[in-house]
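Annotated in TrEMBL:
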{"type": "TRANSMEM", "residues": "56-78", "note": "transmembrane segment"}
{"type": "DOMAIN", "residues": "64-551", "note": "domain 'K+ potassium transporter integral membrane'"}
{"type": "TRANSMEM", "residues": "98-119", "note": "transmembrane segment"}
{"type": "TRANSMEM", "residues": "188-210", "note": "transmembrane segment"}
{"type": "TRANSMEM", "residues": "230-248", "note": "transmembrane segment"}
{"type": "TRANSMEM", "residues": "255-277", "note": "transmembrane segment"}
{"type": "TRANSMEM", "residues": "334-356", "note": "transmembrane segment"}
{"type": "TRANSMEM", "residues": "376-403", "note": "transmembrane segment"}
{"type": "TRANSMEM", "residues": "424-446", "note": "transmembrane segment"}
{"type": "TRANSMEM", "residues": "458-479", "note": "transmembrane segment"}
{"type": "TRANSMEM", "residues": "486-508", "note": "transmembrane segment"}
{"type": "TRANSMEM", "residues": "514-531", "note": "transmembrane segment"}
{"type": "DOMAIN", "residues": "565-802", "note": "domain 'K+ potassium transporter C-terminal'"}
Amino acid sequence: MEAVESFEISKASKVEVDGDSDNSNKGSMWVLDQKLDQPMDEEAGRLRTMYREKKFSSLLLMRLAFQSLGVVFGDLGTSPLYVFDNTFPHGINDSEDVVGALSLIIYSLTLVPLLKYVFVVCRANDNGQGGTFALYSLLCRHANVKTIPNQHRTDKDLTTYSRSTFHEQSYAAKTKKWLERYASRKNALLILVLVGTCMVIGDGILTPAISVLSAAGGIKVSSPGMKSDYVVIVAVVILVGLFSMQHYGTDKVGWLFAPIVLLWFLLIGGIGIFNIWKHDSTVLRAFSPVYIFRYFKRNGREGWISLGGIMLSITGTEALFADLAYFPVSAVQIAFTTVVFPCLLLAYCGQAAFLVKNHSDKILLQAFYRSIPEKIYWPVFVVATLAAVIASQATISATFSIIKQALALGCFPRVKVVHTSKKFLGQIYIPDINWILMILCIAVTAGFKKQSQIGNAYGTAVVIVMLATTLLMTLIMILVWRCHWILVAIFTGLSLLVECTYFSAVLFKVDQGGWVPLVIAAAFLLIMYVWHYGTLKRYEFEMHSKVSMAWLLGLGPSLGLVRVPGIGLVYTELASGVPHIFSHFITNLPAIHQVVVFVCVKYLPVYTVPEEERFLVKRIGPKNFHMFRCVARYGYKDLHKKDDDFEKKLFENLFVFVRLDSMMEGCSDSDEYSIYGQQTERSRDCLLINNGNTTTSTVDLTISSVDSIVPAKSPLHANFTVSSSGQMSSQNEIEELEFLNDCRDSGVVHILGNTVVRARRDARFYKKIAVDYIYAFLRKICRENSVIFNVPHESLLNVGQIFYV
């Protein structure tokens with residue numbers, strides 16, 4: 001059996017995290033630290049490239065609009081299955097009530113999905129990414145509202161870090177200062193985002209339940225004697241199959257989604273036209289808003305409560321925004337305005353025409369299926385079931401996506417993320433979340449059995465997500481778009497008027513199923529906020545306990561230890577300074593590797609970081625210390641698993657840095673420099689080495705007061721010359737590269753910190769419960785960093801420490 005060279009050093013290091021340190025007492029040692037550990041401003045500035053929005057031909061745009069039907073609009077398109085059933089759960093007293101309800105549906109579809117989301121909210125995407133966390137990322141780039149303070153000014157030089165500036169006296173600048181002034185406001189914004197996220201997770205549970213149960217209910221229409229329990233069993237079987245197939249992804253069957261959903265929209269639109277012609281064409285008078293006023297006047301409180309059912313006509317709108325990543329906004333707008341919106345209006349008008357002439361209690365149950373002509377009943381039933389499955393799939397995928405975003409931004413425990421498609425980065429599968437969703441979805445379906453109660457729960461979740469989106473959009477319009485305050489007031493006022501009206505209606509149904517999403521959201525919110533709190537305190541501990549560079553250099557090149565062959569990769573959350581785990585390590589062991597690289601894996605509030613801009617490398621201290629820093633930057637859509645050769649890429653960038661570091665020694669009088677990256681803004685003459693041969697070529701190169709170079713990829717061993725003010729030898733570079741290669745051949749050890757967070761003895765009881773029990777339990781069941789970083793167990797070394805908050 002192989003010996004396992006993994007062990008753990010445990011020593012309680014009691015460190016109190018009391019807030020920000022007083023910068024007014026900074027002395028000469030602090031100044032020395034800054035000189036020895038220079039930030040990466042100049043280096044990152046050379047990585048910037050111009051982002052150009054993709055432009056699509058008309059033919060391609062139409063093709064993308066067609067494909068978007070299967071991914072984006074499935075949930076919204078299946079709403080006609082259950083809207084009228086939930087609007088009139090106790091029957092229809094007057095045929096005019098149907099016209100009033102239809103008028104409410106028409107204007108709800110017009111105001112919320114069409115005007116608000118398709119033409120306004122979808123424009124607030126983060127380089128094509130939608131959802132509440134995409135909006136939060138936009139805000140984090142335009143204001144310092146991120147609660148984990150790991151931002152650095154070099155992050156702003158990323159290609160994908162698009163942001164706008166504004167005048168100091170502008171309304172946007174005042175709003176920015178107001179948000180940044182107090183930590184409580186940042187926390188309130190984070191909680192708002194987390195609430196919206198939790199409600200989207202609730203959608204991932206309730207959408208499959210109500211869609212599949214409503215579709216399966218068509219069996220009972222054709223067989224009136226069938227018990228409702230059989231319908232529930234059929235729905236549960238379909239749900240189990242749906243969740244069990246998630247690990248295959250949708251890449252292989254996704255091409256079927258768009259034709260099926262298009263057929264579904266054409267069928268419900270055609271049936272709607274048939275019913276209007278056959279039963280009552282006068283329902284079209286519902287386009288007049290007068291009938292809304294008459295509806296409320298006639299029904300009073302009962303009419304107001306029925307808004308909870310009307311609101312189901314706009315469910316799926318938030319999923320529309322969350323699934324935006326797959327298609328350009330213009331394609332989504334074309335699909336909605338030309339196919340989805342007209343077909344939905346025809347479907348609801350047709351059902352209303354049918355109900356005006358047939359509004360008995362028996363007919364009202366499963367109104368959609370009863371309005372279908374008998375000859376095409378079973379084909380429509382099959383298509384309806386397939387459409388419900390596709391709608392559920394879209395919502396489940398959106399749930400996976402938003403959890404991945406939360407995980408990347410430190411707001412969700414580390415879970416396994418599987419990439420299911422080689423073509424599409426956004427198609428992921430999270431096994432743990434999938435099975436949790438399946439269990440909860442089956443429990444809701446089997447527990448309620450009636451779609452009216454599930455509809456009440458569904459409406460509560462959707463309206464809260466919409467309210468969160470409205471509040472975030474208000475900040476986006478001020479800080480990002482810099483709209484005039486009158487436009488902001490109009491958008492916010494109209495949105496809140498509609499959504500608060502619906503919210504007041506669903507509150508009446510909290511005891512009739514509306515409590516379900518509140519309980520689910522509360523559980524997920526507790527998990528996410530406690531995890532974020534623990535992550536924040538761990539980062540504050542790292543910041544307050546980092547080692548002084550002056551102290552480290554005072555130890556000398558040997559660091560006061562025996563330097564053994566090999567390379568030590570010390571993982572830390574800090575992008576500057578020496579982490580506490582390193583001092584903890586060298587005070588407990590008498591030896592350290594000849595080469596030490598501090599690795600910081602950092603997630604930024606951007607959707608992706610291009611490969612050529614991912615790694616930043618610099619030297620720490622003099623050359624004979626052989627110490628480096630590498631910052632690996634990821635966006636919230638990037639998958640760390642995608643870099644199977646993470647270690648290989650890290651060393652490639654390290655070797656490129658050393659080669660160019662040697663080049664620049666003769667190009668500048670400055671002794672302070674850092675080099676890394678792969679692209680620059682200006683051109684200079686340089687020699688590009690290929691397969692060990694010296695060849696003259698031109699690459700992008702920039703030299704400044706702090707030497708900064710960002711070259712194309714180059715091999716590791718080379719003998720070359722650089723022309724700047726003269727020629728210089730690369731003998732030192734060859735020696736250092738050979739030294740690094742020898743150390744790499746001797747072995748690479750990954751040193752990870754295993755920091756345990758504990759509450760102080762004098763902490764309040766709720767803090768002890770959150771930290772000592774909930775956070776500790778989440779840390780125990782979540783994935784280890786060594787698994788996420790693909791660290792071989794025989795090369796792993798854990799350094800344990802405890803700190804108190």
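Placement of Cβ uses the backbone N, Cα and C atoms for every residue, glycine included.
Pairs of Cβ atoms less than 8 Å apart link the transmembrane segment (458-479) most often to 486-508, out of 230-248, 255-277, 376-403, 486-508. Residues belonging to the domain 'K+ potassium transporter C-terminal' (565-802) score a mean pLDDT of 69 in the model. Sequence-distant contacts of the transmembrane segment (514-531) (same chain, six or more residues past either end, CB-CB distance under 8 Å): 191, 194-195, 197-199, 201-202, 205-206, 308, 406, 410-413, 440, 444, 456-461, 464, 506-507, 770-771, 774-775, 778. Only residues 6 or more beyond the boundaries of the transmembrane segment (255-277), in the same chain, are considered here, and those with a CB under 8 A from a CB of the stretch are 66-71, 73-74, 77-78, 80, 283-284, 339-340, 342-351, 353-354, 371-373, 376, 380, 383-384, 386-387, 390, 393.
Outside the transmembrane segment (188-210), and at least 6 residues removed from its termini, the chain residues within Cβ reach (under 8 Å) are 75, 82, 131-133, 135-136, 139, 145, 147, 179, 235, 239, 242, 315-316, 318-319, 322, 391-392, 395-396, 398-399, 402-403, 406, 411, 437, 440-441, 444-445, 451, 454-455, 457-458, 461-462, 464-465, 468-469, 471-472, 475, 516-517, 520-522, 524-525, 528-529, 532. The transmembrane segment (424-446) shares more Cβ pairs under 8 Å with 230-248 than with any other stretch in the list 98-119, 230-248, 334-356, 376-403, 486-508. Within its own chain, the transmembrane segment (98-119) is flanked in space by residues 76, 83-84, 87-88, 92, 283, 285-289, 291-292, 294-296, 298-299, 303, 306-307, 310-311, 313-314, 317, 320-321, 332-333, 336-337, 341, 344-345, 348-349, 352, 355-356, 359, 466, 491, 494-495, 498-499, which lie at least six positions past its ends and keep a Cβ under 8 Å from the stretch.
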